[in-house]
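Chemist: Quick paste from TrEMBL:
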type     : residues : note
DOMAIN   : 58-186   : domain 'TFIID subunit TAF5 NTD2'
COMPBIAS : 240-267  : compositional bias 'Basic and acidic residues'
REGION   : 240-302  : region 'Disordered'
REPEAT   : 344-377  : repeat 'WD'
REPEAT   : 416-448  : repeat 'WD'
REPEAT   : 458-499  : repeat 'WD'
REPEAT   : 539-570  : repeat 'WD'
REPEAT   : 571-612  : repeat 'WD'
REPEAT   : 613-654  : repeat 'WD'
Amino acid sequence: MENMQAVNSFVAAYLKKKGFKEAEQLLEDLQNKESAPIDFHNDPDLAKFIHHFSQSEDDVARYQDGYSKLRSWTYSSLDLYKHELLRVLYPVFIHSFMDLVAKGHLQEARTFFNAFHEDHELMHSRDLQKLEGVLSQSHLEEMEFARSLRQNKVNIKICQYSYDLLLQYLHKTQSTAMLGVINEHVNFQVTSGQPGSISDDTEVVTLIGSCQDAASLINQKEIHWGLLEDSLEERLEKEGGLLSDSEKTEAENKEGDVDDSKKRSVEGGKQGASTKKLKKDKAVNATAKSARPEAKPTPAAPRVKPELTLPVMSTEVEQSILEDLRNRVQLSSVALPSVSFYTFLNTHNGLNCSSISQDGSLVAGGFSDSSLKVWDMAKLGQQAVQVAATLQGENDSTSSEHVAGPNGVKRSYTLFQGHSGPVYSATFSPLGDFILSSSADTTIRLWSTKLNANLVCYKGHNYPVWDVQFSPAGHYFASSSHDRTARIWSMDRIQPLRIMAGHLSDVDVSTDIPFSVCWFLYHISNPIINSLTFLSQCVQWHANCNYIATGSSDRTVRLWDVQSGECVRIFIGHRSMILSLAMSPDGRYMASGDEDGTIMMWDLSSGRCVTPLMGHTCCVWSLAFSCEGTLLASGSADCTVKLWDVTTSTKALKNEEKIGSPNRLRSLKTLATKSSPVYSLRFSRRNLLFAAGVLSKNV
């Protein structure tokens, strides 16, 4: 009823102002007959009429006064409904500001912005920085972000009672400017029952419109997220090779008893088995394992056929991988992984990216001077022993594999040179025998870690290549670029196999500086560009190699079919550019991290966000799932590595349907470095977590 009264009052005022007395009288007659109520918010024609009426009263003070009163009323509301009503303030604020700019009231718009922007700094600082640059009417058309806001609506979830309270307020105060903005730019999703949790605020305010409609249409496509048929994991399961820790211990004891009984007595055999067990427990952290309960059986992921022709794996490599899988440590919320952290020293702000091989034996760094450097951890260990021996007066026999650097000084890394611009990404092949690097020179290079030489230079992108990633099976790799495309390549062809286009912005770079400016800085003032950090992991392969995911500065993540090149999912919900992606080992879930420190867990089959992960205070540069998918590790520019309980999050959707409140993902542990932002993370096949970062004096 309040809806109808609000509409009637505004329409009556409009008719009276224009002098339509007959129409005004007719409206009064209709009111007296108690005609059916009009849904003013869901009727687009009526909404446009109300917005036009509110715009016809060109009183600049109405925006300042109307928003100020709405803000005061919202903050004085009952605590139970306040957090829902506060969600309305941000879209009203930004559109009031843009309305003032569009009408040419630039000084009043700036005054309005300065008066109220601090209210939204916490949640929308990145958006406000962009809007602060809107200084004229032409900027509204030229700026992609502002144009997107003007062309789309903001979708807000709100309970029925909060919605009614807002309508009553707008009706009583006759705030035509605020009502016009709300009708034109806000779409309410009204729910019955109690208001949602305040922790839902990160996911209830989203941009909708043409992009959302397209996403909904695309997300109806069928995807096959299962694992590959006849994989090594499946083969090992059939053979009974994947045993629980208790079963492994029993098997080890039995083996020890049988072997030792041939040589000594039964008691001696038990002693030998105990010694063997003790050594094994030390190797895999016995304290954590003994505290962990038996894992509950989980339903197996469906099996799918590969769409790409996968390379044939040698028997020797298969046996090595199977051995790692048999000795994998099972992780859980009470059995956390051991972590090995590699710190880069004396990089002088020149390190752009880092990568770690599957077994952690090799670490690579890409630098602004166009070089790629690879460290062999085994050789570093040998060098340390030799230095110690030298200090003790023993004969110095430095390994000949350490190549002499400038001034004859031995260097402990292998230097790869060939790029003509900063190296932005590097990735090892699954076996560690190859490494790919991408650069500002628009190329991707393939290097051999055995020959220490450049094998191939891949050309195809027209602008800097921000990221490159090997597929889980090797041979194929994916790249992402400033040209807003992702491309699929194979090692044996110099031209891309597929080109994925569709993002509205870069795929991806973690800076808001326009490319033209970056290019100028690089060529004219190289020291300036060296102080910037370009980090992204915005290409990620699905576990079955049939899909790749790309993250972009347009705040979306897209899933692509590698065979057809079509986009099959669009994930919308982030409020800033996407910097990192990770796929769960079973292929069902995906995690994405953004510039504001938010991580989102997505269900690939439905395209829905399972839960947001809040905890980091800065850019999330790296994400990695444990091998069995129970834990998620995240590395950030806030100098921490966080471990999350994924098992809790994957049950969130079911719990939400049953009790109406989603289960939040649980942060298990935060591992802080002294002052090293975390650049990369990697779980080995045995579930050891490797991390790499650079010592920063600015943190």
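Each residue's number is its place along the chain shown, starting with 1.
Cβ coordinates are placed from backbone N, Cα and C, and glycine is handled just like the others.
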Chemist: Which residues of the same chain, at least 6 past either end of the repeat 'WD' (613-654), have a Cβ under 8 Å from a Cβ in it?
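Modeler: Sequence-distant neighbours of the repeat 'WD' (613-654): 199, 202, 295, 328, 330-333, 336-337, 339, 341, 510, 535, 537, 579-586, 588-589, 591-601, 603, 662-683, 685-687, 689, 691, 693, 696, 699.
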Chemist: With a Cβ cut-off under 8 Å, give me the same-chain residues at least six positions beyond the ends of the repeat 'WD' (458-499) that come close to it.
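Modeler: Same-chain contacts beyond the flanks: 308, 310-311, 421, 424-431, 434, 436-446, 505-509, 515, 534, 536-541, 543, 545, 548, 550, 552, 560, 562, 565.
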Chemist: Determine which recorded stretch among 416-448, 539-570, 571-612 has the most C-beta pairs below 8 angstroms with the repeat 'WD' (344-377).
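Modeler: Checked against 416-448, 539-570, 571-612; highest Cβ contact count belongs to 416-448.
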Chemist: Determine the mean pLDDT over the repeat 'WD' (416-448), rounding to the nearest whole number.
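Modeler: It averages 94.
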Chemist: By DSSP, how many residues in the repeat 'WD' (539-570) are helix, how many strand, and how many coil?
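Modeler: DSSP classes over the repeat 'WD' (539-570) add up to 0 helix, 18 strand, 14 coil.
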Chemist: May I ask for the residues of the chain that lie six or more residues beyond the repeat 'WD' (539-570) and have a Cβ under 8 Å from a Cβ within it?
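Modeler: Non-local partners: 211, 214-215, 218-219, 221, 223-228, 304, 306-308, 310, 467-473, 476, 478-480, 484, 486, 488, 498-500, 502-509, 576-587, 590, 592, 594, 602, 604, 607.
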Chemist: Quick one: DSSP breakdown of the repeat 'WD' (613-654) into helix, strand and coil?
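Modeler: Helix (H, G, I), strand (E, B), coil: 7 helix, 19 strand, 16 coil.
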Chemist: With helix taken as DSSP H, G or I, strand as E or B and everything else coil, how many residues of the repeat 'WD' (571-612) land in each class?
Modeler: 0 helix, 23 strand, 19 coil
